[in-house]
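Data block below; observations after.
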Amino acid sequence: MGSKGLKGVMVCLLILGLVLEQVQVEGKSCCKSTLGRNCYNLCRARGAQKLCANVCRCKLTSGLSCPKDFPKLVLESNSDEPDTMEYCNLGCRSSLCDYIVNAAADDEEMKLYVEQCGDACVNFCNADAGLTSLDA
C-alpha cells in the first residue's frame, strides 16, 4: 500500500473515531410482561425513561438482548432501526469510502479499499465498532 493509500486509511479511521464519539446510544427497555411493556410505552408519552422503567418494573439496556427474566424488548417509540441502519451504511459509504477510493493508485487497490471500507461501515452501523478495521 502506497503512502497515498495509507493516508486515506488513516483519515478514514480518524473520521470514524470522531463519528463514534458523537453516536448517541438508543435506549431499549426490557419488561417482564406485555402489561409491563404497555405500561412503559404509555408512561413514556410524558415521563422520563428511568422513572417509567421503575414504575412499570422494566429495565433499561443498551445491549441487543434482554435478560432472561425480562423477555419483552421494546425500542423507543421514535426508533426505526432498520431504516437507521440503512441510512448509516449509506452515509458512511458515501462520505468515507468515496474519499478513500479516490486515494487508490490503481483498480486493484480501489477494489480492496471499497471492500474493506464497506465492511468497516457495516460493522460500525451494526454497533460492532470495536471490531472495525481497515487493515488487510
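Note: Cβ is positioned from N, Cα and C throughout, glycine not excepted.
What Swiss-Prot says about this one:
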type	residues	note
SIGNAL	1-27	signal peptide
DISULFID	C30-C66	disulfide bond
DISULFID	C31-C58	disulfide bond
DISULFID	C39-C56	disulfide bond
DISULFID	C43-C52	disulfide bond
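Everything Swiss-Prot records as a feature, shown here on the structure.
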residue: C30; record: disulfide bond; DSSP (3 states): strand
residue: C39; record: disulfide bond; DSSP (3 states): helix
residue: C52; record: disulfide bond; DSSP (3 states): helix
residue: C58; record: disulfide bond; DSSP (3 states): strand
residue: C66; record: disulfide bond; DSSP (3 states): coil
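The disulfide-bonded residues listed here (C30, C52, C66) include C52 as those with a Cα within 10 A of the Cα of C39 (disulfide bond). Comparing the Cα of C58 (disulfide bond) with the Cα of every entry in C30, C43, C52, C66, these being the disulfide-bonded residues, the smallest distance points to C30. Neighbours of C43 (disulfide bond) among the disulfide-bonded residues C30, C31, C56, C66, defined as a Cα within 10 Å of its Cα, are C56. When the Cα atoms are compared, C31 (disulfide bond) and C52 (disulfide bond) turn out to be 11 Å apart.
Of all the Cβ atoms in the protein chains shown, 22 others lie within 10 Å of the Cβ of C56 (disulfide bond).
Cβ neighbour count within 10 Å across all protein chains ranks C31 highest among the disulfide-bonded residues C31, C39, C52, C66. Recorded residues C56 (disulfide bond) and C30 (disulfide bond) have their alpha carbons 10 Å apart, per Cα-Cα distance. A 10 Å cutoff on Cβ-Cβ distances gives C58 (disulfide bond) a total of 26 other Cβ atoms nearby, all chains included.
All chains included, 18 other C-beta atoms sit within 10 angstroms of the C-beta of C43 (disulfide bond).
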